[in-house]
Amino acid sequence: LRVDGKTGNIYTTDIPIDREMLENCNLFEEDKCFLEIEMSITDMVKGIGSGPRLIEGLIEVLDINDNTPQFSSPILTLSIPENTLIGALFAIPMATDRDSGSNGVAEYSLSTGPDADQLFGLQVALDTDEKQPQLVVMGNLDREKKDSYDLNIRVVDGGNPQRASSALLRVTVTDQNDNQPKFERSHYEAELPENSPPGHSVLQVRANDADTGINGEIEYSIHQASEAVQRLLRINRTTGTIHVKGLVDREDISVLRFFVVARDRGPNPKSTKVPVIVSVKDLNDNAPSVEIRSIGLVVLQDGVANISEDMPVGTPVALVQVSDRDEGENAVVTCVVAGDVPFQLRPVSDSNNDRRRKYFLQTTTLLDYERIKDYRIEIVAVDSGNPALSSTNSLKVQVTDMNDNTPNFSPALLEVDFPEGNQPGDKVLDVMASDADSGSNAELVYSIIEPSATRLFEVDAKTGEVRVKNMLDREETERFEFRVAAADKGIPSKTGTATVVVNVLDRNDNDPKFTLNGYSFSVIENMTPGNPVGVVTVTDADKGENSKVKISVEPDNGNFRIQDGTGTILSSISFDREKESTYTFRLKAVDSGDPPRSSYVGVTINVLDENDNAPYITKPANSSYKYLSPVTPPDTSIAVVEAEDMDAGPNAELQYSITGGNPYGLFQISQSSGEITLAQEFTGKHNGLHRLVVKVSDRGKPPLHTTALVHVFINDTNSNTSLIEALVGHSLYTPLDRDIAGDPNYSYSSRSNVWYAVLAGAAGVILVIVAVVVIRHWLQKDTKSGYQAGKKESKDLYAPKQGPKNGKVKKGKKNKAPKPTKPLEEDEEASLQKGLKFNLINDVNDSPRIHLPLNYPPGSPDLGRHYRSNSPLPSIQLQPQSPSASKKHQAVQDLPATNTFVGTGDNNSTGSDQYSDYSYKANPPKYNNKQVGDYANTAMYPRENIYWTNRVW
């Protein structure tokens, strides 16, 4: 239903009213059906504050003939015993019609075939306001002739137009049964608690039959039951006990009315019926219902009610109806407003029943939109059942605004940075004001107050977007300040203002600039990575981020990097001038502008030399020698020591000096060129082999040096090459602190004439001694023949002495007096000896090469046997490659052609003992640990990695 707000007329809506579907309108025909209505009336003359008036009423829903009467089944069965008296009546199951009054069942009619036209008729009787159709027996029935008849029964209601339906009535002729069952009571009543479980016993009906046997056995059935009865109840056909079949809910149906039929089992069954009324007893199984509806002029939509903030106290906001589907105490409901809100419930009237109460939800204080814009009101209803049930419903009340607030800018000062060189119409900023009001009271219009500012700026009246009208120039004006107003559309209008400050920013229109057009830095080689190489300076004429510059290396191969923020160039490598002496790259300076601007500058890094390479000898070879005649005049050039240094500058400037093997001062060397010349004439004692120890040093700080051996053989002839080579070979293994300079026995030969007479006189004795020696030699020939394979000589003149145990050397005590000076000081000798290596360069032509013959002429010394048995060093195998000059920190030294002289020898060879007095009279000291260790543990060919290992190089 709906009501016209002005006239008060009540109208139906597009939802049809169906009387049969309304609650409690389809139980019994005599019941009337009503719709409850309520209306609110507001007196506009007195004003809204006077509140609405509530009117309640009932609208009766009248029935129309919209339902057809129906039999319970399309086939009805009726049993009639044979020999039944003419005029006997048999009840036919009634038809039902959901309509009421005249629209209900009006009349029945019976149609028979030719075989039953004289046997059956129809009579309608009134039974408890119902029309009961009865079949009248009009002729004699003989079961033996015909045991069943099919008739057609039709029912018509009293509506206009009428509605009708029909069913097949099948009459079965049975044997005679002359007593009908009788119930113990005329009617039955019972109470059934709602929510009773299925199978619960409601009541039991009892009937008795005077017949015996099968004619006295009774069956019970529910008759004329509504759909609700059929759904909720069932009866035990034998005992007559009625049980709960489905879920019983009093709120759906409170009374169940039906008939129970008792029928015997005779061949012609007789039946009787009794009315049964079952009242459903209420339980508190329904929580109260809280319904909120609009009232008066306050519109309630989707659970939201709007009320103006200027409404007086006590203004109704909504109508609240509280009901409970239960009854009695279970339906008595108490209703309250929960929470601390400025609203309360006031009963509409005192005449409300307990099951349904109505309240006005009204204000208790003045409302303020700016303080609280909306309220969430929760209404709680609690019934009086045990235990009590409750329910809640909520309503949102929105407070509508009045124009009582001024627009407000937050913050009141708006400062923005804006770049120069803009385009006209570019956006500067958005100004935004807020108004605590709402609706048109909060709709704002923006404007610029100062006329002078409108030449350059404009503001959108609706959005507050400030745009620039012309191009700004920071050099002309760097800062603008003006005011913006915001006015609402309320009546009267209210206005608020804000100050706008525009700072003009610089554009990135300048490239970064290096202070120099190019940079050149110098670094020393071997400087560790991470050290600074140089510093560059970059400036940018722009401001802010546009002047922040980052420097990077191009190409970035990882050799250099820039320290953040300082412009310092750091190295990521260790420099080696011998590998690369100059590095060239570019530095790129990029500012932080958008888009960024950049510039480049070239950088050159020059690597300064460091004295990290010792000189190395290129010629002569240590194993070579120079032959000189004893009459060689002074200042004769003997040899030139040539050396190279991989360093540069003073570190590669070499100076030469003779540090050993020149005790007589026979030789001198040019400090700059390395040329060795004869300083004075030779004398007889100078004949023999001279070994000059030449030291080659660079001018670095500290200086590095290496040592070369120059052999000079002075004699009238050099025909005995094997002897010279043996002497040179022996020299290579003589410690450097021993001078090898001519004939060491020359002083004894001058007195040899004095002894000639003595020797002549003792000739006879000598002959005897010689004979004895020859005999002993002949007897011990096999075992004392000089050298035997696998046998060790009794004396190893050149075997190295064992060093201190564990390789430790005793340290000199502090403040101890120095030992007398030796020809070569220990530290110099150690460095020389350590630096001594042997040059095997094949293209040295300044002296003959040493080539040991495999067969010596008769009478020559067996040097091979001598050195094979006495040499402290094993045989070596040499690689033909020349040392490379690319590796650092190692001086190239000369190696001997061999350190073992091998010869075949023969039976006529003489032992080398007779030459030992001439070559080295005294047994030389065995090699110290330093000398042997240097040769054994130092890479002699630095670039071929040759070591003395397992008796071979």
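Keep in mind that glycine also has a Cβ here, set from the backbone N, Cα and C atoms.
The compositional bias 'Basic and acidic residues' annotation in TrEMBL covers 785-798.
TrEMBL lists 807-819 with the feature compositional bias 'Basic residues'.
The compositional bias 'Low complexity' annotation in TrEMBL covers 871-884.
The domain 'Cadherin' annotation in TrEMBL covers 1-71 (among others).
According to TrEMBL, the domain 'Cadherin' annotation covers 72-183 (among others).
Per TrEMBL, domain 'Cadherin' is recorded for 184-290 (among others).
Annotated domain 'Cadherin' per TrEMBL: 307-409 (among others), in sequence order. With DSSP classes pooled into helix, strand and coil, the tally for the domain 'Cadherin' (307-409) is 4 helix, 52 strand, 47 coil.
In the domain 'Cadherin' (410-514), the DSSP tally of helix, strand and coil residues is 8 helix, 48 strand, 49 coil. Taken from TrEMBL, the feature domain 'Cadherin' covers 410-514 (among others).
The domain 'Cadherin' feature in TrEMBL is assigned to 515-617 (among others). Mean pLDDT for the domain 'Cadherin' (515-617) in this predicted model: 89.
The domain 'Cadherin' annotation in TrEMBL covers 632-724 (among others). Broken down by DSSP into helix, strand and coil, the domain 'Cadherin' (632-724) contains 11 helix, 42 strand, 40 coil.
The region 'Disordered' annotation in TrEMBL covers 785-830 (among others).
Per TrEMBL, region 'Disordered' is recorded for 857-892 (among others).
Positions annotated as transmembrane segment by TrEMBL: 754-775.
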Please identify the stretch among 184-290, 307-409, 515-617, 632-724 with the greatest number of Cβ pairs below 8 Å relative to the domain 'Cadherin' (1-71). 307-409
